[in-house]
């Protein structure tokens with residue numbers, strides 16, 4: 001029990017030392033802010049920080065409330081205020097404050113206020129906060145607590161040296177020791193110690209009054225009004241907190257709130273230099289507020305001077321008075337018309353930048369051209385432009401007077417904070433003027449003339465627009481004529497549909513076979529020539545396999561070998577093939593064909609005299625005998641040159657196409673070909689240089705038809721490397737020619 005009582009007494013003594021030393025560091029005239037660094041080492045050394053039996057002879061009697069704490073009573077918060085004492089100033093002195101941009105703000109005259117609060121310290125024993133109640137440690141180590149308090153005092157001493165009040169005191173010392181010029185504009189210049197920095201100790205449990213002084217909560221600079229910083233403090237204040245020290249009786253806390261601006265200046269208004277230097281500045285900054293007083297003073301002065309003159313000179317005096325009043329009135333009107341650059345404005349989040357200007361200033365000419373954003377989705381003016389007064393983009397703000405625009409383009413007007421109408425989605429080459437058809441030219445001319453009369457449009461552009469409208473009216477060829485009741489587009493559409501229906505039966509097989517041919521040989525697709533058409537390319541997706549080709553391939557009796565070797569221009573041959581297939585569509589109801597398979601070339605390609613008869617897609621019924629004979633010859637040549645037939649050549653398929661199904665495995669990186677719902681025309685071509693070589697080879701093969709098999713193999717090997725078919729697919733647009 002004795003040991004616990006001794007520990008408790010030591011803790012209570014540390015709490016008393018905390019309040020006393022903290023107050024001494026802030027209030028004592030021997031604090032670090034008033035002495036040089038060498039003296040500070042002697043006054044606030046390690047011995048002073050570690051000795052907790054310091055006497056309090058220099059502190060006021062009010063500190064006795066916090067000097068004998070027994071652990072049972074409630075200790076009120078201890079408040080220490082640091083202020084600038086103005087009691088020595090007279091009515092001729094003017095106190096001003098300079099902000100961070102160098103602008104001077106009037107604070108008060110010498111006798112209006114006695115104090116300006118600079119700092120407010122809060123020292124307390126917190127035993128009711130959730131932080132203290134949630135602390136789980138019950139026992140207190142006295143040595144550890146003493147070390148923590150020493151660390152707190154050292155941190156407090158460093159913080160005091162960094163606060164703005166210390167810099168203000170250093171300026172005071174320089175002004176006292178330097179040349180004394182009352183009229184100069186140097187900070188805190190006066191003839192003697194008229195101002196000083198003092199402190200006072202207050203009871204935090206009682207209300208703090210600000211009568212006769214400028215309290216800490218009052219902003220001197222008006223731009224700080226209605227604005228808060230990150231810690232929910234007024235913008236002209238800042239706050240620092242020291243980490244609290246835990247004891248069993250509560251948390252020992254120290255915090256400070258202080259002014260951010262500290263560059264005060266004191267000037268004597270009776271000085272001639274000061275009056276000459278600052279008369280124009282104060283007149284412009286206060287202008288409209290001080291004008292009635294100046295007029296009253298001038299009238300009184302004139303009334304006092306009038307008895308000194310004779311009665312005969314009174315008319316002349318009245319004329320001079322009138323002239324002087326007129327001059328003053330002109331000066332006032334000129335000052336009111338000028339933009340108040342030096343006027344102190346109270347900016348808040350809800351303040352409009354144009355609300356400080358008279359209505360005559362709001363009628364400004366803004367350029368009507370705005371940056372075009374064709375790919376931006378959403379409204380342009382969805383946010384109010386007044387949130388940021390420094391924002392230079394005032395295009396979102398509507399003009400004040402626009403009667404002509406509101407009459408014709410009502411939805412385009414936007415109130416502040418709302419979005420612009422739908423017309424902002426598309427940009428017009430005439431600004432806000434909409435385009436109309438020239439059927440009613442008189443009405444459109446009137447609308448354009450009304451819209452052009454907007455104050456936002458320059459005079460030159462108005463004349464240009466009127467000349468352009470007159471030019472449109474003078475040329476009737478430019479008028480847009482509405483379609484008559486005959487509906488010729490419908491006739492063209494019906495003709496196209498009829499042609500499409502006629503082409504459908506003849507191209508059903510071809511469209512399916514083309515899609516199959518695209519998936520047969522992936523190795524040769526890279527070497528195909530580019531098509532002249534604009535049709536979409538087939539999609540490529542993961543692997544899908546065909547079980548068999550279309551059942552129409554089993555119709556071998558009616559099948560014809562569709563091998564086209566066109567010469568010359570590929571587009572011309574493709575167009576002719578479409579014409580032939582269109583003309584002969586009525587006679588080709590029973591036509592069918594084989595899909596052209598990309599692969600190794602067989603010897604049947606060298607019979608040029610036989611194949612030239614089939615250079616068109618449409619084959620008439622008169623050539624059935626020729627087809628059979630050609631197929632028989634191809635079959636014979638295939639059996640003769642069996643070693644030269646490629647597994648995926650046309651001859652290999654033609655020899656076995658009578659089967660109902662031909663299993664062909666689909667490569668893994670090709671998707672199932674999509675058969676389009678529309679019909680496509682296609683033709684197979686080879687390059688012109690290949691046609692000449694193949695013609696020569698076909699002649700040599702006809703002369704040496706019974707030659708050696710090895711020669712045939714050599715020809716087939718060369719053609720396998722060079723004789724890739726080039727696929728041209730025409731566009732899906734139907735030809736208008738019959």
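Including glycine, each Cβ sits where the backbone N, Cα and C put it.
Summarising the annotation, Swiss-Prot assigns compositional bias 'Low complexity' to 284-297, 306-338, 382-399, 417-429, 694-708. For 345-359, 534-558, 570-579, the entry in Swiss-Prot reads compositional bias 'Polar residues'. Annotation comment: Swiss-Prot describes 344, 355, 437, 438, 461, 496, 535, 541, 554, 581, 646, 649 (among others) as phosphoserine. Annotation source Swiss-Prot lists region 'Disordered' at 279-359, 377-462, 521-605, 690-719.
Taking the Cα atom of each, residue 496 (phosphoserine) and residue 461 (phosphoserine) are about 48 angstrom apart. Residue 461 (phosphoserine): 14 other CB atoms within 10 A of its CB, across all protein chains. Around residue 496 (phosphoserine), a 10 Å sphere centred on its CB holds 14 further CB atoms from the protein chains shown.
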